[in-house]
Each structure stands twice: as C-alpha cells, then as structure tokens.
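Peer 1: What Swiss-Prot records for this protein is below:
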- 4-24: transmembrane segment (TRANSMEM)
- 53-73: transmembrane segment (TRANSMEM)
- 79-99: transmembrane segment (TRANSMEM)
- 104-124: transmembrane segment (TRANSMEM)
- Asn137: N-linked glycosylation site (CARBOHYD)
- 153-173: transmembrane segment (TRANSMEM)
- 220-240: transmembrane segment (TRANSMEM)
- 244-264: transmembrane segment (TRANSMEM)
- Asn319: N-linked glycosylation site (CARBOHYD)
- His350: active site (ACT_SITE)
- 354-374: transmembrane segment (TRANSMEM)
- Asn414: N-linked glycosylation site (CARBOHYD)
- 421-441: transmembrane segment (TRANSMEM)
Amino acid sequence: MEKIIGLMSRDDWVYTGLLLFSFAASCYVRKLGNNILASGALGFAMALFIIGPRIAYSLGICAIAVGIQAFAPKKKVPFYVFLTTFTYLMFVRFAHYFLPVVEVASHTNVIQLIITLRIIGITFEENDAWLHKNDENATKRYLTRMPTLLEKFAYFYHFCGLFTGPYYTYQMLLDSQNPALQSWDPTPEVTSRFVRLLWSVPAFVITNHYFPLDSLRSDAIWEVSFFTRLVYAALIFVVFKTRVYSAWAIAESICVILGIGIYPAASNPKIIVGPTDLKVFEGLRDKENVEMNSDAIVNLDIPKVEFSDGFRDGMKAWNRSVQTWLALYVHSRVKFMRVETTMLVSAIWHGTYAGYFMSFGVVAMCAILEDVIFKLVPVNPETGLRPQWFRILYTHTIRCRGFEMLATGFLLKNASDVHHFWSSIYYWLPLLCVPFYIYSVKTAAPKLKLVV
C-alpha cells in the first residue's frame, strides 16, 4: 500500500479523489434534473470540506464583486470588477506576510483561480447583454437570462470544474438545462476521454516516479552533459502534460455528463463561445435525436499540443478555455502590447512566483521570434506548408525544446530554482528571443495619425 501511495504526491491523490467524487456526483445530479443551485451548494460543501476556513478568501471576492455589479455605473462595471478581482487576488496571496492568516496555496489557490475567471466572465456576459439588449439582428449570442443573486453564487461554486477547470460561461451553464439534453446519451463522449486515461495515467505514474522535479533543483544537474539536461527537461514536460491530460479527461467528462458545452454539431460550437451558427442553433436546440458534440468544452487539442509547427498553435491548443477567456476579456480589449499584456495577466492569475513571470514573459518574446522566422521562411502557396526541412528543424529545436524549458520555469516556480536550472542550459531561449524581440519593436510600423 505504501508503494502505491508513494507513486503520487499527496496533492495528486487529493485531486484524484476530488475528480472521481465529482464524476460520481455528476451522474447523480444528472438523474435528479441537473439543478444549478444544488450543484453550487455541493461545490461549496466540497470546497469547505477540503480547505475549511480558507474558503473565506473566495467568499470575500464573491461578495465584493456582486456588490460592484449591483451598485457601480453599468458601463464601468467590467473594468471595476476586473481591476478589483485581480487586486484582491494579489492581496490575499501576500496577506500571510503581514497578517496572521493562512497562505493561499494548493487547493485554496486553485479555487481562487477558477472563481476569479467566473466572476469576471459573468460580469462581461451581463454587461454585453445589457449593451446589446436592443439589437434585433445580433450576430453574436448574448446572455439569455440575467442570474439571480443565488444563481450567481451557485455558478461561482458549481462543483463542475471548481478544482481543475475547464472554465465555462454562465450561458453555457444555462444551456445545460435544456430538456432535450436529458435524452442525449453522453456515453460515447465520456468513453473517448476514458480511453485517453489508458495511456496518459500509466505514462504519468511512470515518468513521475523516475523523473522527479527535485532533480532540477539539485547540484547534480551540473554533473551531467548539456544534452542530458535537455532530455531531463523533456521528460519533466512529459510528466506535466500527462498529469494534465489525465485530469482534464475526467474534468471534461463531468461537463459532458451535465450537458455543459453540449450543442448541435451543425451549429459549429466553439470553445466557451458556444454555437456560432445561430440560425441553425435556434432551429435545433429543442429537438431530440440531433447530432451533438462537446467542442465548446474541449480544453485540449492533444495532436496540436504535441505536433503543431509553432509556439502560437501549441499555446492555443493548451488549456483552451482559459486561452479563450484571455482572448475575449484581455487580448481583444487592450489597445497596445496585446500579447505582452495578455501574458502578464496570465502570469498574475497563475500566481506570484517568479517562475510564472519568467516563463510567460519569454512566451511573449517567443511569439515575436516565431513571427520573424516565419516571415523569413514563407509558406509555399501550392502546398500551404513551409519546407519540410524547416518544419523538422524548427519543431525539434526551438519549438519543442522551448516549450520544455518554459515548462520547467512554470513548475520550479521559485526564482532561485528557475535560475539554477535555466543557467545550466545557458538561458538559451531568452537569449535567442531578445534580439528578435528588439528587432521587431524597432521595425514596427508606426501608426499613422489623421490630421484634420
């Protein structure tokens, strides 16, 4: 028994228990009619059981956000909520340094992260619906019904995705109440995800056992060759990916069972946006025996994560719900340095560790590096691809080795640990990116101003 327990960390075992319990609960909740308030109460009870009094951290920002939504000027509500929520997130993470409170870490931090996304997301949903309430020919789908106070708190603490993600909108939660979904069979969708577990779980357990992250923190890393260090970083990345592949296979299955993110395939649903062909959706939404899919909740595109040609495609395929959240509520709404601002918000959201900022800061430069290189090696108009020699060379050097290095920074977290390992591989990726980034900034076309 001790050997079995030793295969994973305590946190991993807790997450496994939470996921399995949530999966069983989702089956039961579906049979009872998929009630939102009951699911919110269950999620709150689970959070209270796992983190105890530390649930006060998330309750605090929920109450503050609801107050802002109720009393702030309508047009300014999203800005106030966004700013307040992230300021609060930073405050509670540092509060234990100067107040007699427990640190926001582990499961408490994860709950805080998910609720942060939900608070800001529902605020934008409400505001967009209010701004476009008189649009008769809307080309985009807006919130169909404003939530009550209890429904908001139920959404914030809904057990589905509360501990692992994926993120989903309040409108997606409302859509899951469609009676037509009660007759839809989720078995094929769930089965396809459980097939993934047949290879992702063994791969995680084996690599996690034989290639511990602490090896990168030890001085022994300096005693092996540069090539060996790169290989070890690649194996650490395998541990990280297979852990996430496994967790999200179950997390997505929970969403599927509850009908979250399930739409008619013909309506062309997109991740967290839902159906994009609104005419088709309106015609099929209440019909039974219609082909459905879960594209709106698929959080990973594993083939692209593993085999895409570049950084941008690889990043977009990873944690797609959060990537889309960042695109909708950050990238599309800022006026300058969009990639850099988006990566900064992503780093702040993940935590206060230097490793997050180091990794996400380099990601922004990697995107610029890739743009410059791709311009130098254009796509063949006949094949739609770049030369095969270039794709092989770029993928297996900058792209793959780069992602592996960035993953070590994300996992090691502390500045000293990240520096310890990154210096052993000579900071090769940032040093490669910086000249290209400077070149891109210097040669950026200035915006023309129209003088009247």
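Along the chain as shown, the residues are counted starting at 1.
Keep in mind that glycine also has a Cβ here, set from the backbone N, Cα and C atoms.
A quick note: this is a predicted structure, and the numbers were derived from the prediction, not measured.
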Peer 1: Looking only at C-alpha atoms, tell me how far Asn414 (N-linked glycosylation site) is from the residue listed as 'active site', rounded to the nearest Å.
Peer 2: 13
Peer 1: Mark yes when the transmembrane segment (53-73) and the transmembrane segment (421-441) have three or more Cβ pairs under 8 Å (sequence separation 6 or more) and no when they do not.
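Peer 2: These two segments do not touch.
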Peer 1: Near the Cβ of Asn414 (N-linked glycosylation site), how many other Cβ atoms are there if near means within 10 Å?
Peer 2: 12
Peer 1: Decide whether the stretches the transmembrane segment (244-264) and the transmembrane segment (4-24) have at least 3 CB pairs under 8 angstroms, with pairs required to be 6 or more apart in sequence.
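Peer 2: Yes, the stretches contact each other.
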Peer 1: Return the count of C-beta atoms lying within 10 angstroms of the C-beta of His350 (active site), excluding that atom itself.
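Peer 2: Here the count is 18.
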Peer 1: For Asn319 (N-linked glycosylation site), what residues in its own chain, 6 or more apart in sequence, show a Cβ-Cβ distance under 8 Å?
Peer 2: Gly165, Pro166, Val244, Asn299, Leu300
Peer 1: Where, among 4-24, 153-173, 354-374, do we find the most CB pairs under 8 A to the transmembrane segment (53-73)?
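Peer 2: Between the candidates 4-24, 153-173, 354-374, the best contact partner of the transmembrane segment (53-73) is 153-173.
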Peer 1: Check Asn414 (N-linked glycosylation site) against DSSP and tell me helix, strand or coil, would you?
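Peer 2: DSSP call for Asn414 (N-linked glycosylation site): coil, neither helix nor strand.
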Peer 1: Rounded to the nearest angstrom, how far is the Cα of the residue listed as 'active site' from the Cα of Asn137 (N-linked glycosylation site)?
Peer 2: 38
Peer 1: According to DSSP, which of helix, strand or coil covers the residue listed as 'active site'?
Peer 2: helix
